[in-house]
Amino acid sequence: MQASLRIHRGGLMTAHTRAARPACVRPYVLRPQAAAGVAVDVPPQTLQYGKELDSAKAAVRLASKLCQIVQRQLSAEERADKKDDSPVTVADYGAQVLVAWSLQRSDPSCRLSMVAEEDSAELRRPAGRSMLERITQLVNSVLAEAEPGLGPAALTPEEVLELIDLGGSPGGPTGRHWVLDPIDGTRGFVGMRQYSVCLGMLQDGEVVLGVLGCPNLPQGPVGEEHGLAGAAQAAAGGADVGCLFSAHRGHGAYAAPLWAEAGAESETRIRVDDVEEPAGARFMESVESRHSSHSTTAAMARELGVVLPPLRMDSQVKYGLLSRGCASIFMRFPPPTYKEKIWDHAAGFVIVEEAGGRVTDAAGTRLDFSAGRFLKLDRGIIAAPPALHARLVAAAAKVAAA
Ligand SMILES: Nc1ncnc2c1ncn2[C@@H]1O[C@H](COP(=O)(O)O)[C@@H](O)[C@H]1OP(=O)(O)O
Ligand SMILES: [Mg+2]
Ligand SMILES: [Mg+2]
Ligand SMILES: [Mg+2]
């Protein structure tokens, strides 16, 4: 226990005195190891950010475990409403703590720069004390299971607060910044539907790594029932539920079982379904119409000639499904006053691009993650394989002009 605390504190203290992080130039070899009888489609290759990718996957797996435990025992007092009326649960905070802890431990010599959704303000108030204690207990129980050497009380409540606040980086166009949404789709999480743990890495303004942990997502075909009753389907689905999507810029996108032992997972290379004809395309959108206008996407579908009904899913699982060809289009049209955050798209963006798709705003401009914590967007987001994407951007212009 003490050793882990010293590493953590040492890492934080050293970091305050260090200048910009040196670029990582260590070559690293990805070693896919097939589970018995499972073919893998990943050639050994040298990855510039291979060590960081492994750390990101381990962090997302750890956080996903905490989320799964909490969703199974979710109760009303473990949920608070934020000023923007979106919910936050002990799992949002706990997942942010575990990702920060895990990434910081994998590189204790530099202070982590992380752009993450949650901050500790509510938990530092007297009214937040019991929630803080519950988060600390949860985080420690997941750590004790994953790392028995740490003992039962690896982190104190004060350390939990410090780890949450590592997520307060402004991001920006230079250097390295991790980008985290500890639970994307908290409404889906609370509603026992889909959600995802989303971690990206920005290097000099470009998203170079992305990992999505999707605890309730089946590894096989996905239908509407998985969007609306994801947790129940997951509980019934056993070992075939739980997906980990990942991508390294320039090296493709991959899917793996989420709950595989580290080093034993079988990764499969994934590609978008490059359908060109709208009649064969299925589009995805939010379950929540207050997050994305269902009437705008319906108008887009009519304009383009999409005939299949939408597949409604919470969170960035939609980017994962697009990347593995389960649907061909993802559209998101939030209310005009809503400002999109980089953590809601960074991981999914690089995974879709590496799977051969395009992710832009409604005017066709590629998303830019270099401008701080927010994205500047024209109307909304359109993600699809290239041919269909071009037609969608044209349709968006017509719908806007109508
Ligand atoms: N009022 C809102 N309008 C649009 N998006 C919102 C709003 N409130 C929260 N969100 C965010 O929308 C995303 C979920 O979209 P979807 O409906 O497709 O799952 C999440 O990032 C969610 O944040 P959070 O990360 O807190 O869940
Ligand atoms: Mg939120
Ligand atoms: Mg989110
Ligand atoms: Mg969130």
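Every residue gets a Cβ built from N, Cα and C, even glycine.
Annotations in TrEMBL come from automatic prediction, not curation.
TrEMBL names D181, I183, D184, D344 as Mg(2+) ligands; from the candidate set E117, E276, E277, the record adds E117 to that same site. Working note on the binding-site residues D184, D344: by count of other C-beta atoms within 10 Å of each C-beta, D184 ranks first.
Listed in chain order, the residues near the Mg(2+) site other than E117, D181, I183, D184, D344 are D92, L180, P182, G185, T186, S196, C198, S315, Q316, K341, W343, each with its Cβ within 8 Å of the site Cβ centroid. A coil conformation is recorded for E117 (Mg(2+) binding site) in the three-state DSSP classification, outside any helix or strand.
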